[in-house]
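Report on the following structure.
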Amino acid sequence: MNQFKVISKFNPTGDQPKAIKSIAKGIEKGEKFQTLIGVTGSGKTFTMANIIEKAQKPTLVLAHNKTLAAQLCSEFREFFPNNAVEYFVSYYDYYQPEAYVAQSDTYIEKDASINDEIDKLRHSATSALFERKDVIIVASVSCIYGLGNPEEYKKLTISLREGMEKDRDEIIKKLVEIQYERNDIDFSRGTFRVKGDVLDIFPASSSSKAIRVEFFGDEIDRIKEFDVLTGETITKLKHISIFPASHFATSKDRLEIAIKNIEEELEERVKELVSQDKILEAQRLKQRTNFDIEMMREVGYCTGIENYSRVLDGRAKGTPPQTLLDYFPQDFLLFIDESHVTLPQVKAMQAGDKSRKDSLVEYGFRLPCAYDNRPLTFKEFENKLNQIVFVSATPAKYELEYSTNTAEQVIRPTGLLDPEIIVKPVKGQIDDLYTSIQETIKKGFRILVTTLTKKMAEDLTDYLKEMGVKTRYLHSDIDTIERMKIIHDLRKGEFHVLVGINLLREGLDIPEVALVTILDADKEGFLRSETSLIQTVGRAARNSESKVIMYGDVITKSMEKTIKETNRRRKIQMEYNEKHGIVPKTIIKDIREVIQISDIAEERKEYDNLNEALKSYNNDIDKLIEKYEEEMREAAQNLQFEKAAHLRDVIYKLKRDKETEL
């Protein structure tokens with residue numbers, strides 16, 4: 001078995017060795033809940049990597065969105081080049097769930113655009129768990145959604161060995177059963193092709209490599225892995241496992257049993273609807289379900305097959321769905337990154353799903369078994385866990401209450417101190433703010449200003465602009481792409497002051513920021529809680545000359561705790577710097593990635609000017625739609641999700657305009 005081995009030119013320093021030892025020891029002792037409290041810039045990901053190396057357990061790292069998951073995945077791949085580091089997020093570029101709005105009698109059909117590359121990565125993740133133990137999967141909260149039965153997935157796997165007696169047609173039949181399609185012309189992921197005694201299989205978990213099985217009569221003569229593009233042999237294999245092309249693949253025997261149970265549930269539900277004088281709903285349910293059953297009998301699956309997952313798995317009513325967590329062995333390790341944000345997300349998922357399903361079941365669009373195609377409840381999520389490490393700069397009450405061991409990581413290897421916090425009275429705050437802004441701009445740095453209300457943010461932005469300060473306002477209506485462009489422009493010095501209400505969201509770790517000001521800091525509430533204040537102060541923790549000004553007439557408990565905690569961290573870092581002769585230096589952070597995203601924002605202007613685009617296509621709306629669809633697929637393939645999503649919206653607008661004209 002391959003062992004986890006961290007490859008890095010750095011060694012753990014500062015608080016890292018102590019944190020690694022403490023958490024690793026807790027894992028060895030069997031502690032279920034532990035917390036790693038790590039300040040911004042202290043190297044939490046490197047600490048996590050070293051804990052994984054010591055624990056030697058299959059590991060799931062849970063992040064609260066796709067972007068953070070991708071960043072973590074890239075970092076772990078650098079630390080573990082010889083181990084399996086996989087990425088598991090929702091494969092939808094666009095997803096409109098099935099719904100029914102009773103007030104307007106509107107049925108909204110499920111509409112989705114699946115990203116083929118992410119689907120491949122999901123298959124790569126699950127197959128890795130069956131093939132090896134040295135696996136790290138970085139996932140978003142989509143890992144708590146139903147995925148199909150892991151036992152069935154494993155049972156349907158086709159195992160091929162050199163010298164094995166196996167009839168070629170029998171293998172082809174099994175490939176079709178696990179939802180591979182024969183395609184001798186367009187050989188792509190999830191397909192196979194046949195030419196004489198040669199069978200080529202393109203695994204669902206691959207994008208460029210396929211398997212060639214050569215037969216001599218009824219015996220497997222040779223197995224090779226080859227490059228799909230060039231046809232060149234990469235390596236000769238003694239054995240290969242072909243995993244199903246769908247996580248919802250089901251054996252014929254189980255499918256027949258499931259269909260029988262679906263028919264019984266349908267009969268029972270139709271009787272119930274008729275008894276309530278819901279004749280239309282009963283007829284609708286019968287027609288839709290019978291169509292699904294017919295599809296399952298003919299091709300082994302149907303659109304929306306996940307709504308029958310409980311019946312296909314043979315689970316009892318109300319039991320939790322099988323998820324990615326069930327694909328892991330029992331002794332797996334879970335890291336929950338930014339746990340103060342991720343855990344509330346996990347808690348909220350199931351309630352939202354149920355409210356949407358209520359109307360679908362009530363009005364005869366779905367059988368009641370659809371309720372069990374859902375995310376896990378928080379209690380079910382807890383029950384599936386083995387050992388958990390919460391990772392956060394500001395862990396919430398849940399993490400601290402449940403954790404039996406807490407390790408703290410305050411020291412930054414760069415020597416950077418937490419910023420100095422100055423409290424000033426509200427009277428004259430705007431004049432004082434203006435003076436502080438001018439002083440900071442003269443030094444060549446940037447400023448973040450947080451307000452409590454939208455009106456104050458707008459008024460302050462207008463005032464600063466009138467005073468000749470280059471200022472922008474970051475509000476909730478600004479989408480991700482434009483937001484990234486604003487941050488990019490701030491870093492470049494296109495403007496100097498960024499005003500906002502909630503500046504805690506990702507993407508605001510800006511080394512050029514040397515001043516963070518918090519207006520109305522003494523107004524207790526969500527945006528001025530201890531957690532929010534510590535996170536806001538952290539925005540200034542990337543610059544050696546940074547400081548934070550809090551404007552307030554009284555020092556609230558949240559302010560007091562924030563100041564006390566920041567001063568404690570500053571003292572620890574200063575003592576460490578003095579002992580090791582470290583001079584704090586501002587983090588030099590490459591802005592290349594932000595520029596790339598900003599380029600996408602520039603491209604949007606072209607798509608937004610549809611009248612000009614139509615003129616260039618002689619008002620041929622179909623040709624323009626075709627062009628944009630091609631660009632959307634290309635963008636999705638290149639993992640440019642923001643660009644692909646915007647193109648999708650443009651295409652919908654064009655299609656609506658076309659229908660209106662007709």
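In case you wondered, yes, glycine gets a Cβ from its N, Cα and C as well.
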Correct range for motif 'Beta-hairpin' (source Swiss-Prot, candidates 67-90, 91-114, 331-354): 91-114
Cβ neighbour count within 10 Å of Thr45 (ATP binding site): 19
Number of other Cβ atoms within 10 Å of the Cβ of Gly38 (ATP binding site) across all protein chains: 24
For the ATP site built from Gly38, Val39, Thr40, Gly41, Ser42, Gly43, Lys44, Thr45, further residues of that chain with CB within 8 A of the site's CB center: Thr47, Ala393, Gln409, Arg412
Number of Cβ atoms other than its own within 10 Å, given for Lys44 (ATP binding site): 22
Average model confidence [pLDDT] within the domain 'UVR' (622-657): 76
Fewest other C-beta atoms within 10 angstroms, as judged across Gly41, Gly43, which are the binding-site residues: Gly41
